[in-house]
Ligand SMILES: Nc1ncnc2c1ncn2[C@@H]1O[C@H](COP(=O)(O)OP(=O)(O)O)[C@@H](O)[C@H]1O
Ligand SMILES: [Mg+2]
């Protein structure tokens with residue numbers, strides 16, 4: 001239960017003088033939901049960008065398994081088992097739900113020229129396997145009716161679920177969710193919360209960035225609070241709720257409830 | 001699955017019919033038009049890999065076309081290598097040039113990529129024109145050997161057309177297989193959103209380079225065929241006009257589809273020949289038609305008509321459903337829809 005999956009060491013990101021993320025340290029353990037909260041502009045998305053390889057840290061490094069990673073190509077982080085969703089959903093609008101989810105199967109696909117040109121048996125088997133894996137995800141995420149629907153015709157909440165399905169398709173060890181409930185109604189938020197718990201039950205570690213304090217408090221096993229790029233608190237939801245600096249960051253000054 | 005099988009069967013039958021039909025064309029002028037159209041179609045398919053499937057741009061494709069043709073010309077005339085060996089070298093070499101052009105362009109996007117590829121085309125044309133000892137300069141290269149395939153002399157137009165139709169069909173099949181494969185999925189992903197490609201573990205640069213290499217190699221293949229058919233090549237075939245006309249063909253027909261570039265080639269070849277009746281006005285009419293199509297049907301002719309037909313059918317379906325839902329005994333499905 002307490003096996004460590006990833007260690008974040010002194011990660012900092014500087015945007016032309018502004019420290020969007022400053023000296024963040026944390027451990028990510030197996031099979032937990034780790035909440036990351038903080039007011040707008042606290043550096044949460046930037047931090048996730050570092051974890052998913054889209055942003056190179058100015059300082060610091062990550063340890064995943066036995067590997068030490070300080071500067072990484074963006075496509076390598078997915079190979080190391082990190083997958084993510086975005087604050088504003090990123091999907092291929094022209095494609096349908098199934099095709100979008102299949103994109104997540106890229107790393108496992110059979111890609112040798114020989115297999116593709118001669119449609120070898122193992123190639124066809126692999127393709128079939130990927131489609132059935134996508135089908136399973138479509139079923140668990142209750143998207144069956146929209147399977148062949150184009151993304152541009154889905155609601156925001158459905159798009160969020162498709163994006164999560166695509167992330168899960170990569171079979172990640174750690175799933176990074178950037179405000180998965182932004183722009184959703186309380187009822188839809190409830191649905192996504194249940195989904196996150198189910199994902200955890202499947203044995204996937206979740207790093208949940210959220211604005212909605214109530215939701216993150218109820219879901220997370222542990223919470224890290226960021227403010228102005230720095231970690232100001234870490235602990236269980238109960239500890240965080242009582243933490244003075246957190247109360248100050250949320251009530252004093254910033255407009256977030 | 002049945003759809004794939006149907007597609008295979010249709011393509012196979014079509015290409016056999018075309019290859020056989022090509023043996024019976026008596027009109028030499030028509031034969032020449034068809035052969036050149038088939039070469040243009042191969043070029044269009046090659047540009048389509050970059051423009052249509054990977055979202056890159058190439059304004060210098062005549063460069064690859066020229067490299068392919070000149071490799072065959074130089075190696076065959078000066079070094080007396082057999083046509084087929086020359087062709088293999090030409091394809092590999094222009095593929096390599098594609099890879100090299102692709103290297104810096106993996107970091108370039110949009111206009112910058114356009115300019116880089118444009119520059120490539122201009123440089124190749126400059127070399128063909130000015131490196132006299134090797135390329136023969138503006139006079140070009142004469143007396144390239146016509147290929148012979150299993151003792152069938154391809155210098156006869158009918159045989160050459162049959163051969164080139166077979167090549168074209170094979171190429172269509174290969175591209176189709178690629179597009180339906182994980183490679184095609186990765187291309188379409190990085191075309192639409194590179195960041196999505198990153199976070200799903202797609203090695204974006206590698207896939208862009210693959211597209212450049214394939215595209216360059218296929219254009220070089222077209223060049224080799226051109227050299228083998230014409231037996232005479234000169235730099236003015238491989239200039240900026242040629243590059244622009246290839247990409248126009250693709251965009252006009254509908255980039256990102258297989259039928260689009262083929263349709264574009266057929267229409268433009270026909271148009272070109274038909275406009276010969278108009279002498280000086282030819283280029284004006286040509287230009288007006290191109291602009292009109294691009295302004296009014298920006299997605300290309302093939303996707304336009306395909307969508308028209310699909311929406312026609314689905315409208316008809318909806319009307320039927322309306323009718324049935326008025327009927328008190330209508331099926332449940334119709335009402336639910
Ligand atoms: N690409 C960028 N260039 C410059 N500044 C940035 C960039 N991305 C984010 N920032 C700044 O970094 C800070 C943290 O942003 P972000 O990580 O998006 O916060 P959060 O997700 O917690 O709302 C903000 O002040 C933001 O303006
Ligand atoms: Mg954010």
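Cβ atoms are placed via backbone N, Cα and C, with glycine included.
Bear in mind that TrEMBL entries carry predicted annotations, made automatically and left uncurated.
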Of B:159-179, B:180-200, the range TrEMBL tags as transmembrane segment is B:159-179
Per TrEMBL, the transmembrane segment among B:110-128, B:129-147 spans residues B:110-128
If one takes Cβ-Cβ under 8 Å and requires six or more residues beyond its ends, the residues near the transmembrane segment (B:159-179) are 7-8, 11-12, 14-15, 18-20, 22-23, 25, 31, 34-35, 38-39, 41-42, 45, 49, 53, 149, 152-153, 187, 218, 221, 225, 228-229, 258, 262
Given the transmembrane segment (B:244-271), its same-chain partners at Cβ distance under 8 Å and 6+ residues beyond its ends are 33, 36-37, 40-41, 43-45, 47-48, 51-53, 57-59, 61-62, 65, 172, 175-176, 179, 286, 289-290, 293-294, 299-304
Message: Check for me, if you would, whether the transmembrane segment (B:81-103) reaches the transmembrane segment (B:209-232) - at least 3 Cβ pairs under 8 Å, residues 6 or more apart in sequence.
response: yes
